Each structure stands twice: as structure tokens, then as C-alpha cells.
Amino acid sequence: MNGRLRAVWPPVIIAVIFLAAWQLLVVVQDIKPFLLPSPSLILGNFFGDFSLMFNAALYTGTTAILGLMFGTVVGLVTALIAQRFGVVNKLITPLAAGLATVPIIALTPILNNMFSITSRTPKVIITMIIVFFPIFVNVTRGLIQVQPVQLELMRSMNARPRTVLRQLRIPNAIPFFFTAMKIAAPLSVIAALVSEYFGGPQQGLGSRIASSAANTAYGRAWAYVVASIITGLIFYLIVLAVERWAAPWTGRARSA
Amino acid sequence: MSVTSPVSTTAVQATGIWKVFNEGQANEVTALQDINLTVAPGEFISLIGPSGCGKSTLLRVIADLTQPTKGSAEVAGMSAAEARKQQRYGMAFQQAALFDWRTVQRNVELPLELQGWSKSDRAARAMELLEMVQLADFASHRPWELSGGMQQRVAIARSLAVDPPLLLMDEPFGALDEMTRERMQNELLRIRQETGKSVIFVTHSIPEAVYLSDRVVVMSPRPGRITDIVSVSLGERDEDTREADAFYASVTEVREALRGRTSGGAARARVGEV
Ligand SMILES: Nc1ncnc2c1ncn2[C@@H]1O[C@H](COP(=O)(O)OP(=O)(O)OP(=O)(O)O)[C@@H](O)[C@H]1O
Ligand SMILES: [Mg+2]
């Protein structure tokens, strides 16, 4: 408990000092809100319109969760296939690396045209594709990078490939999976949010940030940014909690 | 006391084993050249020799983890492949190779699980083995909570799980400090005495080889081959064994064999000259 407190305090103190300095700077220098609103203005908007914030976060968060779920499932299945068939791995991995350089988000307008204007689906698809890469790459690595001596041990015990997968490869890949999820979960929020800039339903965080800024409601635009950060943080913390619970051996020194 | 396989009077029979890596290529290595070795049931054999002389390769051929280029290995009267399928040997490596996601007890249970033992039978057997290596109190711990020596004891317990007649051990104490190592050696001898198993034990330590073994197989590299086999007769080991003259005599004999000046060979050469 003590250790955890000690780990929590420094960032909190730094955040408070940072916000105080920010507030001071805006007030003393009389900086205009369209350049940089003060923390008090942003937080005033955030708590003042909390239900708006919450609903927008709920909409974008739902998109993110759907994309995250589908992207994770597809990533896991592809990783299992890639591990099982070495050739596939040699084909998919460069392909995945190549695709990762494509600005997927930029495909949103095209996808928007393929679905109805009120549809959430294009954003879910975009989020899913973006989530797919880190999951696929990391989990494949986890399935393949098993200690050779552990593989020999399994063979000496006459384990079938299916048993090796279940008892060795998959548990070995779990820390890799959570490492990927810690990237993918906040990333899914960003992807869902940014994809909203390209049209479609207007109730999400991304749309609200854009429309508030367009209406010169800078305090509120920033309040939505705060809501976005909190949403991403919640995603991250959920992954962290699940990891602690499901894979307590991760991050430990490997036994020799 | 001695556990004998019903179908065979030899624990291990290696016949004319060759292992050539990268055959026909520039980096061709003859890791094993015409290895012939018979291990009697209940016998403790050490393999010793400089790095790269093929000790691990020989062990891996016997374990059917790799195929010999020529020749064959038999374990308990059956082919190495069949012996592996029937789990007629247990294996321990320099690394404990425990699974971090399993408790100590469930690590020991792993071979039993693969053989389809029931949960309660597995647990009972694992506890019996953990008591044997004096780690019963750590059954529910995770591997990373154990010291290197304790992890190695867990690995040894695991290799004994299905009660195989043969143990193949590749430098299992290589990473341990001298004190722990000597304790582990005594423990291994006690286990072997209790269970009557045959052991093939790879080591770089001459005293370790002499202390543990009935016979020390001396190997030499490029090409990897057996150059000498030193018989050790020290009787029952105890605290005084390591200081006994007979112990030093055997250590010297192995050391000279490693240098290529075998006493027997030298004598033969002299006979030839006369
Ligand atoms: N998979 C492999 N491919 C190519 N060469 C190999 C392979 N495995 C072993 N060798 C070679 O075979 C020779 C014997 O190797 P081995 O590991 O059996 O030696 P060792 O006696 O166990 O050495 P050490 O004491 O260092 O463990 C070495 O020259 C090694 O380079
Ligand atoms: Mg070796």
C-alpha cells in the first residue's frame, strides 16, 4: 500500500503544479481562449456539461470497444494461423508491416460512403484494423518466441503440437498479448475519435470537439478533449487490472 | 533394489552413432563420431569433455530429440523414439525450464498431465516428489519465487514424475554455486539410491563426475568422440569421500584422460614400443 501511494503521489503533485502554472500563465499573460483556455474554464465546462461529456464519451467509447473486440479477435486468430503455418507467417508479417504504414484513418470517408450516414460501422471497421496490428504482431511473437529448452522438454514428454500450443505457446504469449492490449486499448479510443472527423453521426467526442471549436466554444472543445483523455485512460486501466488478475506472472524475472 | 526393464538388460545402448551437422556444407561439423556406449540398469554414467565435444548432442540423440546421421540408440530395449513415446526417460537441463504460469506443484504435475493422470493422483504424486526434493512447503509457490537451486530441484522432481527408469541430465547443476552444488549432488545420489534409476549426467566438473559416477565417459572434440572410459569405485559416498585418496586418484585419472594422456593408453603404447 505504502509503495503504491509513493508511486501515485509524484505524478499527482506534478499535475497540480502544471495546472497551477498553466492557470497562472493564462491569467497573467491574458491569453485568449482560442489560443489556450485556462484550466478553470476547461474544468468549468467539463463539470458544467457533464452529461454531454458523458454521452459523447459513451458513444465514442462504444465504437472503440466494438473495434477493440473485433480487432483483438481477428488479431488473435491470425496470430494462431501464422504460428501454425510458418509459410503464412512469412507472408502475413511483411504484409501486416506494409499495411501498418497505410493511413487507415484516411479510408474513413470511403467507408462512410459504403454505409448509411447514421451508421457506426465504418468507424468500428477503422478501429478494428488499427487495433489488429499490435495484437497480431505481438501475439505471433509470443507464440513463436518460446524458450527452445521448454520446447525440447515438451518433446521429451511426447507432447502433441496441440498440447504444446495449449500448455506452452499460449501461456507464453499472454504477457505479449497484454503488452499489445496496453497499446491497443487507448489507441482504439483515438481511432474511434479521429474517424469521427470524417463525417457520420455527430454525437461522439471527435465530432463534438470539432463542432465546439467551430462554434468558438473553446472551453467546451477542450473539455471534450479532457473527456477523451479520461476515456482512453479508463481503457488503459481496465487492461492493466485484467492483466494483474489474469497473468500475475508477467513482468516477473523469468525463472532460469 | 535395482530396477530392471523387463525386456532389456541394458538401460541404454548406443551403437555406432554418428551425428554430422550441415553435412556437405562449408560449416560441416562432426559432432559425434562412431559412439558406442552401453549403460547398465542402475548405473550412473557421466559424460565429460571440453565444450563442443558433443555431450549434449549425444544426450539428445538418446532422448530422440534429434536424429543420428548414422547408428542407433536404444533405451530399455526399445528404439529411442519408442522410449520417448512411452516416457521411459526423464530429462533435466541446465536451465530449469519451469513454466512461470504454473505453480511449483503444477510444474511437477506437467508430465503426468500429459499422460492423462487424474487430478488427485497427480497431486498426490507431485507432493511425494516435492517431499523427496524437500520442497513440499513450496508447492503453491511460483517458480520465480524460488532460488536457482530450488528451481533445479523442482526440475529434477518433474523429470522423476512418471517414474522413468532412466534420467538424462545435461549440466543440471551448472549454474549453481559450489555449496548448493555439493548438496544437490548428495540429494541426487540419495534419490538414485531410493529409486534405482540409471543416470546419464553431463558435466564440466571432474570432481562432480567422479563423485557421482560409476563410470566417467571422457570425450574429445572435432570430431566428437569417446576417448576413454574411467571406472570409479568409491563405494558408498559420504562426507569423507571427497577427501579420500581413492577419490583424488580417480580425479587425477579423469584429468589425465581429458589431457589425452590416458594411463591405460600410455601403458599400451609402451608395450607396443618394446
Ligand atoms: N543444431 C546444430 N547445428 C549445427 N551445429 C550444431 C548444432 N548443435 C550442435 N552443433 C555443433 O555440434 C558440436 C557439439 O555440440 P554440443 O552442444 O553437443 O557440445 P557440448 O559437448 O554439449 O558442449 P558444451 O559443453 O559447451 O555444452 C559443436 O561443435 C556444435 O557447434
Ligand atoms: Mg552441452
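Heads up, the Cβ atoms here are built off N, Cα and C, so glycines get one too.
What TrEMBL annotates here:
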- A:53-239: domain 'ABC transmembrane type-1' (DOMAIN)
- A:7-28: transmembrane segment (TRANSMEM)
- A:65-85: transmembrane segment (TRANSMEM)
- A:91-112: transmembrane segment (TRANSMEM)
- A:124-144: transmembrane segment (TRANSMEM)
- A:176-200: transmembrane segment (TRANSMEM)
- A:221-242: transmembrane segment (TRANSMEM)
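Under the criterion of 3 or more C-beta pairs below 8 Å, with sequence separation of 6 or more, the transmembrane segment (A:91-112) and the transmembrane segment (A:221-242) do not qualify as touching, having fewer than 3 such pairs. Residues of the same chain lying 6 or more positions beyond the ends of the transmembrane segment (A:176-200) and with a Cβ under 8 Å from any Cβ of it are 60-61, 63-65, 67-68, 71-72, 75-76, 104-105, 108-109, 112, 117-120, 122-124, 126-127, 130-131, 134-135, 137-139, 141-142, 206-207, 209-210, 228, 231-233, 235-236, 238-240, 242-243, 247, 250.
Same-chain residues lying 6 or more positions outside the transmembrane segment (A:124-144) and placing a CB less than 8 Å from one of its CB atoms are 63-64, 66-68, 70-72, 74-76, 78-80, 82-83, 89, 92-93, 96-97, 99-100, 104-105, 107-108, 111, 165, 169-170, 172-177, 179-181, 183-184, 187-188, 191-192, 195. With a cut-off of 8 Å between Cβ atoms, the residues of this chain six or more beyond the transmembrane segment (A:7-28) that come close are 36-40.
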